[in-house]
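As structure tokens, the structure follows; a few thoughts come after it.
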Amino acid sequence: MTILFLTMVISYLSCMKATPMKEVSIRGQGSLAYPGLRTQGNLETLSGPNDATRGLTSLADTFEHVIEELLDERQVIQPSKENKDADLYSSRVMLSSQVPLEPPLLFLLEEYKNYLDAANMSMRVRRHSDPARRGELSVCDSTSEWVTAAEKKTAVDMSGATVTVLEKVPVPKGQLKQYFYETKCSTKGYAKEGCRGIDKRYWNSQCRTTQSYVRALTTDNKKRVGWRFIRIDTSCVCTLTIKRGR
């Protein structure tokens, strides 16, 4: 599904007339221990003529270029001299020497696509489609944040066994910390009363955190270290049960 999503985004962006960036510096390092982790694209320099429309088209070209780099499994990008530790991405998992400042790339791409859709609307349609103006609210409130392996400590793998999540991953230049981008139901506000918009006369509702599998460096109860798929919190959904006797 991830490859399909990236392919659709590339097709969408390729239809736009984008002005190439004058200079794009990308830093990163391929991971020998875990091929599934890809390098982070870092846009260091943006320069060019002062055109009101150039920023949007240049950004589209940049995203297309970054996606192509992420999809190229054979390419190994050498780290720059200024950054000895490369930040490595894999969906909701990241290896970095410091706490990530932004959500994973796929989340940013989704927000960017929504921005492009809004930019193509007229001002009147844009105001009408604004969720805040229509009074739209999510059924369940959720929170997302980066957590470290030190905070997770243990997790459940695909075989149902409990494994220990390693806090640091060895790399040629030292060690990097494992970070996980988790999404869970908010414990504040309306969530305690059930889901929004549900008729309580007929339905019992509850906001529940669901999990998905991501790959991480772990050790099992026999002290065997390896990359395994583990479960982390990835979404907040509304579950319904019909009230009896109605």
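Including glycine, each Cβ sits where the backbone N, Cα and C put it.
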Cysteine paired with C238, where Swiss-Prot records a disulfide bond, from C195, C236: C195
Cβ-Cβ neighbours of C236 (disulfide bond) (radius 10 Å): 22
Of C140, C207, C238 (the disulfide-bonded residues), the residue whose Cβ has the fewest other Cβ atoms within 10 Å: C238
Which of C185, C195, the listed disulfide-bonded residues, has fewest other Cβ atoms within 10 Å: C185
Spatial separation of C238 (disulfide bond) from C140 (disulfide bond) - C-alpha basis, Å: 7
